[in-house]
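Annotated features, as they stand in TrEMBL:
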DOMAIN    19-207  domain 'YrdC-like'
BINDING   THR41, ASN68, HIS73, ARG128, ALA148, SER188  L-threonine binding site
BINDING   ARG64, THR124, SER150, SER158, ARG203  ATP binding site
REGION    226-247  region 'Disordered'
Amino acid sequence: MIKTNEWKLEPSAGGERQDRAIREAAQLLRDGQTVAFPTETVYGLGADARNTAAVEQIFAAKGRPSDNPLIVHISDRTQLNGLVLPLDETAAALMRRFWPGPLTIVLPVLPGAVSPRVTAGLDTVAVRMPAHETALQLIAAAGCPVAAPSANRSGRPSPTTAAHVREDLYGRIGGIVDAGPAGVGLESTVVELCGPGAVRILRPGGVTPEQLREVCATVLVDEDGMLPQAGRDGSQDGTEGAGPDAGIAPDAAIGAANAAIGAADAGIAQGASIAPDIAAPPGADATGAAPALVSGDEASAAPAAPRSPGMKYTHYAPRGVMQLVAGGGENVRAYIQAEADKARLRGERTGVLAFEETAAQYRADVVVACGSLSRPETAAQQLYAALREFDAQGAAVIWAEVPPGDGIGLALLNRLVKAAGRRVVYV
């Protein structure tokens, strides 16, 4: 077990105490250790991006797959000079508009600038400048670019508080800087450049497609982590169900067709205890057609070598088996309640992830209201804490309502799809 140092930063503590904590944490980074620290999105687990031995400690502490690249955090744009090849105008414009902030840009890496473990063998590196004073002070004091994924065990919900970091990583890392809860609650948006004035969103996050279109004429969305498409007959043609009810933004500029996954099999992944009886939900048509299901099989959902963190593996997942339910509001609520009732009869502890407007309508062992549909930013802030609440209360099977897919809702939807292992039912 590693000794985990902790520093709690409080405004009332005074500047010298805060400065000392930053200096001590920065020294750990310079010494090749790992330190968890807050950003405006989630807590990150940092190490010197140039030091392979230090970066390997990130992978060991998290149990992170070795082919999953890391985001490099900087405190000043001048640090880019030693990290990446000369910027084009699109990248520069994005930085002027969104840095510091929750936007990560994939850029051509300067050979030898960072450990090959950071880039996972790619010729690019993902870089961002966080909009959090503590993070910026720590990176500047360390005097190095800091590689930092989320500070949680791989596959678990990301941490939005220092308590979440302790739960997952205490005794595995060198230190935790506690500066209170994160603000956005979801990770940064990751984009790659695909031509003058054009970007592709590899992972939606705190910067929305609508905001990106203020800078870029063309904004595409990678298919990974979007809501799998299925017709009501169970076929996957990538077109039916792509409207607003399915949570896919209809604007052609971000491409509903681009976002379609087209899973290989219909039905719930083998071995999942959730929804074992596939029957027409209340309100189904007179033919008794069953709800359309998309498998949790990830074999065809992502490339072998992910171009960005968060693209290839199941992420953000609670310990219980989770399923998303998409469709009209009354059908969704009726289906979830019917399935939860059946699961309780089987002796399973049930959970429902809903919104403030609908949570009171469910009967389950654990019902968690995750923000408001009218204020989706609150749902984003609360999502990971909500998923951890199901773990704390021992929910074995969980059903989740699907949020609208516009604005920050696109990132929220992406995280839910990942958390559910792409198990989606359409009702």
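Every residue, even glycine, has its Cβ placed from backbone N, Cα and C.
The model shown is predicted, which means the values in this text are computed figures rather than measured ones.
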Exercise for review: Do me a favour and check the Cα-Cα span between THR124 (ATP binding site) and THR41 (L-threonine binding site); whole Å is fine.
Suggested key: 23
**Study point:** Cβ neighbours of SER150 (ATP binding site) where a neighbour is any other Cβ within 10 Å
**Key:** 30
Exercise for review: Kindly state the mean pLDDT of the domain 'YrdC-like' (19-207) in the predicted structure.
Suggested key: 97
Exercise for review: Using a 10 Å cut-off, grab the number of neighbouring Cβ atoms around the Cβ of SER188 (L-threonine binding site), all chains included.
Suggested key: 30
Point to revise | Those residues of the chain, 6+ apart, with a Cβ under 8 Å from that of ARG128 (L-threonine binding site) | key: ILE71, VAL72, HIS73, ILE74, TRP99, GLY101, PRO102, LEU103, THR104, ILE105, SER188
Study note, to complete from the structure: Using a 10 Å radius on the Cβ of ALA148 (L-threonine binding site), the other Cβ atoms enclosed count 26
Review point. THR41 (L-threonine binding site) to SER150 (ATP binding site): how many Å between their Cα atoms?
Key: 9
Review point. Measuring Cα to Cα, how many angstrom lie between SER150 (ATP binding site) and ASN68 (L-threonine binding site)?
Key: 12
Review point. Do you know offhand how many angstrom separate ASN68 (L-threonine binding site) and SER158 (ATP binding site) by C-alpha?
Key: 16
